[in-house]
Amino acid sequence: MKFVDEATIRVEAGNGGSGCVSFRREKYVPDGGPDGGDGGDGGSVYLQADENLNTLITYQFERFHNAERGKNGRGRDCTGHGGEDLVLKVPVGTRAVDAETEETLGDLTTHGQKMLVAKGGFHGLGNTRFKSSTNRAPRQKTLGTDGEVRSLRLELMLLADVGLLGMPNAGKSTFIRSVSKAKPKVADYPFTTLVPNLGVVNPRPGQSFVIADIPGLIEGAADGAGLGVQFLKHLERCRVLLHILDIEPIDGSNPVDSARAIVGELEKHSPKLAGKPRWLVINKADLMLEEELQEKIDKVVEELAWDGEVFTISAYNREGTAELALKLLDFIDTLPPEEEVDVEAEVEFKWDNYHQNANESVNEDYDDDLDDDDYDDDDYDVEVIYQR
């Protein structure tokens, strides 16, 4: 199935049902009181993470999604049926962004996690709600409110502990093949990897971590060169980044310039991503003599002013890859657990105080219509004449 990591959809929650104005009509009860029921709440729209999905391709073709409208209230104090909620299944790791305001609504990072993205409209109130000692035959009701309407941009970001960075043909796919059972395509031309790949690494029995390989970056990627930086978002949830550097490029380019270009593109795209722990991994060590190799590595580290971890491997021959995997596992274990955010608790909607405001408004309007000079005991009873 085609890998699609971004889609724009429009979600519309159901409108609330309106309240009803109704009075009891029974034999031997000539002046029945109000019995208009409330409407039903409109259905809301939720996103739910599903570990069985791995692409957003469905939402490229199904862009409009509507929840059910609440039913109107009816006589005899019958409340309208609430609209059914709409639950949209998305892959684990999906982020929801409001396409109009660019506000991030939340991330779905665990299987079964739900997030409210469009709240259904509130139900309207029937005239039974407005009866009082001075208003025995109310003819007021409130309408149901409109449901939330949003344009959402869904962004799928892979969940991985370790992310791979590097120029095309630096050996990223070969490395992930050497430490896991993932089998991404490997060839002797640039941009062999066109979509992100995941692999599970098991350095010790019962202990593992996930590693992500993304297409190679080139200078100018932040401005759209090559495949651009559209796949860098998949590294945002990684705990540590491995900068894979080809020590002996086939085109004769300078490894230092390549490394600086990658760091520059990273900082342009996201300072937060550039600030993550980053290890330098010198690859293709088997292409040079040991004496020349160490001399060149020292020169690269010095020119880059690199003060972090440095590892030398040959992904093709699997030299040094097992030791690097163990180091990564131990480092990840020392990192603090990531905090989980309750995305639903932070969402605010504009209709939260609708009913309270509606009641206050009706009561104020009714009180203003009362005239103290004309007020007498007969005003406590209201005669209602029904005509068929």
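Just so you know, glycine gets a Cβ as well, placed from its N, Cα and C.
What Swiss-Prot says about this protein:
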{"type": "DOMAIN", "residues": "1-159", "note": "domain 'Obg'"}
{"type": "DOMAIN", "residues": "160-333", "note": "domain 'OBG-type G'"}
{"type": "BINDING", "residues": "166-173, 191-195, 213-216, 283-286, 314-316", "note": "GTP binding site"}
{"type": "BINDING", "residues": "Ser173, Thr193", "note": "Mg(2+) binding site"}
{"type": "REGION", "residues": "356-377", "note": "region 'Disordered'"}
{"type": "COMPBIAS", "residues": "362-377", "note": "compositional bias 'Acidic residues'"}
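Everything Swiss-Prot records as a feature, shown here on the structure.
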residue : record           : DSSP (3 states)
Gly166  : GTP binding site : coil
Lys172  : GTP binding site : helix
Val195  : GTP binding site : coil
Pro215  : GTP binding site : coil
Lys284  : GTP binding site : coil
Ser314  : GTP binding site : strand
Greatest C-beta neighbour count within 10 angstroms, which of the binding-site residues Asn169, Ser173: Ser173
Distance [Cα-Cα, Å, rounded] between Gly166 (GTP binding site) and Ser173 (Mg(2+) binding site): 11
Fewest-neighbour residue among binding-site residues, criterion Cβ within 10 Å, set Lys172, Lys284: Lys284
Surrounding CB atoms that lie within 10 Å of the CB of Pro215 (GTP binding site), all protein chains: 24
Pro215 (GTP binding site) and Ser173 (Mg(2+) binding site), Cα-Cα, nearest whole angstrom: 9
Binding-site residues: Gly166, Ser314 - member with fewest neighbouring CB atoms within 10 Å: Ser314
